[in-house]
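Below is one structure, written out as structure tokens, with a few remarks after it.
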Amino acid sequence: MTSLIHPSDTSTQQRARTYRDHQRPLWQRVLFSRDVAVWAALVVVYLYASATVPFFDRPITITYLLLDVAPILLIALPMTLVIITGEIDLSVASTVALASVSFGVLYDKGAPIVLAAVAALLVGVVCGAFNGFLVTVVGLPSLAVTIGTLALYRGIAVGLLGTTAITDFPDGWTDWARGRIGESDIPSIMIPFAVLAIAFIILLHFTAFGRGVYAIGLSEGAARFSGIRVERTKLILFVLAGAVSALAGIYYTLRYGSARGDNANGMELQVIAAVLLGGVSIFGGRGALPGVIAGVLLIGAIGSALRLADQTADVINIVTGLLLVVSVVGSSVLGWISSKRRRRGAPEPQHDSTGSGTTGSGQTEPGNTLTDTDGPVGERERDDR
Amino acid sequence: MATAAPGTVALELRDVSKTFGQVVALSSGSLTVTTGSIHALVGENGAGKSTMVKIIAGLYRPDGGTYALFGEAVDFRTTAEAKDAGIAVIYQEPTLFPDLSVTENIFMGRQPRGRLGRIDRKAMDTEARALFARLGVPIDPERPADGLSIADQQIIEIAKAISLDARVLIMDEPTAALSGVEVERLMTIARALRDEGRALVFISHRFDEVFSLCDTITVMRDGAYVSTDRIADVTVDDIVRRLVGRDVDDLYPKQEAEIGEVVLEISGLTRAGLFHDVDLQVRRGEIVGLAGLVGAGRSEIVQAAFGVDPYDAGTVKVNGKKVPPNDPAAAIRLGIALVPEDRRKHGLVLDSTITRNITMAIRRRLSRAGLLSSGAEVTTARDWASRLEVKTTTLDTLAGTLSGGNQQKVVLAKWLSTRPDVLIVDEPTRGIDVGTKAEVHRLLSELAGEGMAVLMISSELPEVLGMADRVVVVHEGRITAELNREDATPEAVMYAATNTQGASA
């Protein structure tokens, strides 16, 4: 070791140790990830439903499926980040409703539609900022805060319009919201969604901000001591959740041509269910956006297939509910089994147990030989909680 | 009550082994402990002590070898079976139910029943009081466990062990987080238990404690038994040589460094109730030791200076530039790095990879046009991991699975990668083995030699005296002495750390 601070010396210095970057090759890490498992489940459900449910394989099914899940897809993006930091936002569907009503009322009162849309987005930003303020500045738990604002925002929305609805919107806008891209079967709303999805994927997976989001979810203390601005990060995420919910609210209004206080009732649960199904841990720190997108589509596809098979909404709810419980319980059970096996000393303990495909086949690679008997395993400090 | 005559073999492990996949955690562990004895078990981190303790406690089942209790071979499947056989393990950080009372914690799961099967609170309370009277410790059995010091929590674990009439007590690094007085109290209790005829195993990295408390010592290295001796027959040097398998010529390799201008300047730093009017300067090339008792406010001072904790008054400057309060990101940018006291909670994200941990504080600097690539992270992490000789095969190993010493190297790598001008280290060698300790000391010394300003908090007096150019002593949140290397004797430091009067700067 000649110099520790100055990097120029390291090129000539002989390395004491060499490291492999990863325990498993890239294809294994990708293939055995939770994201791929959810996508695979989506493909299986799609193929099975196409083969067994009448009319499911028609292109129109995909069009309507995407139109229906578009608001959930949109809101799931910021919700994923919020849940990865270990927080939750239950007020998103109420924000959808409040933005929808604000949009409708302003347009109804004669405001230009663009202005009404911008104002609705601002309403969403304010809703999110209020949640974020209560969580980060006042220091209240987000679960309690957003249960409160769930009722508050919904209450304001219903109060503004009562039981009436505003249904008169410009045809150009409503047609676009129901329309498709050119001659394809893909709805137009998928364009803004794709743009947002790419933006959120970059934000979460390819920026310093995103690294901070994961760190906060895994250890808030360590994040703070590393110079990550925990409060600011969470505030930004709540504002994003509010803004995107408002965008979904505008879309929802135009798609159904109706601004009502009870729009998107209960949608927060669908969003959270899809996010968790997509592999995001409710305890924070784990999950990725590709899996979440597949999770939303999976829930949508199952619902759509059951509807086409003439099942009632109750059955659809029961099936999606069960699916969620199985997926959450399933990953917990898998984690428990692998930690149990680790404790009993069956497979090599360094491997992470998050991937759903890696049920501990004891993958040991040639490189993992005797060189390191002194290191990681012998004295992991008390892993026996 | 333990009835066996002193000198009976209580616990005997012979050639016990345990492997995890291809990694051998314990190749041949042997340990023979007799009743009425305190037996020291020493070894570097990774030597297999903890694995052996977990086998004794029934948490792991050995792959090979024999394990006998009072002459009978045993094979525990669960920790409950081991407990029933009279084995108790006291961990460094006990896990109590914080909301329950001390008494309820002691009798958890086996509360005495009165009429109609109701819990007999009176009997429980009487027995708890009797236990504490016997241990000579004034803990109120009715208070909640929450808020008790780690030392008191350990006493409760010991009380629990006695009420279960444990015949073999294993203390796994119990003193690592205790202050001097608390260590004394624990040692008194340990001696009393020995005199009752129980067998005790004491694991510690601190040789002064081992030599004053224990009568027999077993050394382990690389997962294998090395030697067992009566403590009177060996010296610290013998033991250290056996521990590392070579001579550790110098545990405190302090180099002479050229001391330059002031880099870190703390003036008048105050936070009501914690610390007052703290003035502190650290110069280029200088190692300043911040000494004092546990709880004197040393960690609070540096955490406030770094910005993770607030302060009421005062200023912090680095290279003449003011560091804004409550903003660790700004402190990092201005060149401060803090290796925190609590490695597992504040130093590392345990469930994250080595790579992500090392690059966590420089993730913005690694970004190009706002984008951060895994490639850049891995390159940087590989570079720093190899400079600090982190022992691992792959960089996506989770930090939580590394040994204590290797975890500390990852934390150091993380902070050195920020290229700080001031490195603050809070208990840099707590809970790490002798070999790694010497490595950390050499590293700090080299860094100072290269012109870094180092501020080191340590509760180990030899470390402070061995490493520091200047020792600043804190007592109850105030600086009570500032001693140059030549004036810093153990007596002078302890005097200032315990008594405000008479100590002059």
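Think of each number as a place in line: the chain as shown, counted from 1.
The backbone N, Cα and C atoms fix where each Cβ goes, and this holds for glycine too.
TrEMBL labels come from automatic prediction, so no person has curated them.
TrEMBL annotations:
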- A:36-56: transmembrane segment (TRANSMEM)
- A:62-83: transmembrane segment (TRANSMEM)
- A:113-139: transmembrane segment (TRANSMEM)
- A:151-169: transmembrane segment (TRANSMEM)
- A:189-214: transmembrane segment (TRANSMEM)
- A:235-254: transmembrane segment (TRANSMEM)
- A:266-284: transmembrane segment (TRANSMEM)
- A:291-309: transmembrane segment (TRANSMEM)
- A:315-337: transmembrane segment (TRANSMEM)
- A:340-385: region 'Disordered' (REGION)
- A:363-372: compositional bias 'Polar residues' (COMPBIAS)
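Tallying C-beta pairs under 8 angstroms between the transmembrane segment (A:62-83) and each of A:113-139, A:235-254, A:266-284, A:291-309 places A:235-254 first.
Of the candidate ranges A:113-139, A:235-254, A:291-309, A:291-309 has the most C-beta pairs within less than 8 angstroms of the transmembrane segment (A:266-284). Long-range contacts of the transmembrane segment (A:235-254) within its own chain (CB-CB distance under 8 A, at least 6 residues past either end) are made by residues 70-71, 74-75, 77-79, 81-82, 85, 87, 89, 92-93, 95-100, 103-104, 117, 120-129, 131-133, 135-136, 169, 173-174, 176-178, 189, 192, 196, 213, 263-264. Proximity of distant same-chain residues to the transmembrane segment (A:36-56), defined by a Cβ-Cβ separation under 8 Å and at least 6 residues beyond the stretch ends, is recorded for 30, 277-279, 290-291, 294-295, 297-298, 301-302, 304-305, 308-309, 356-357.
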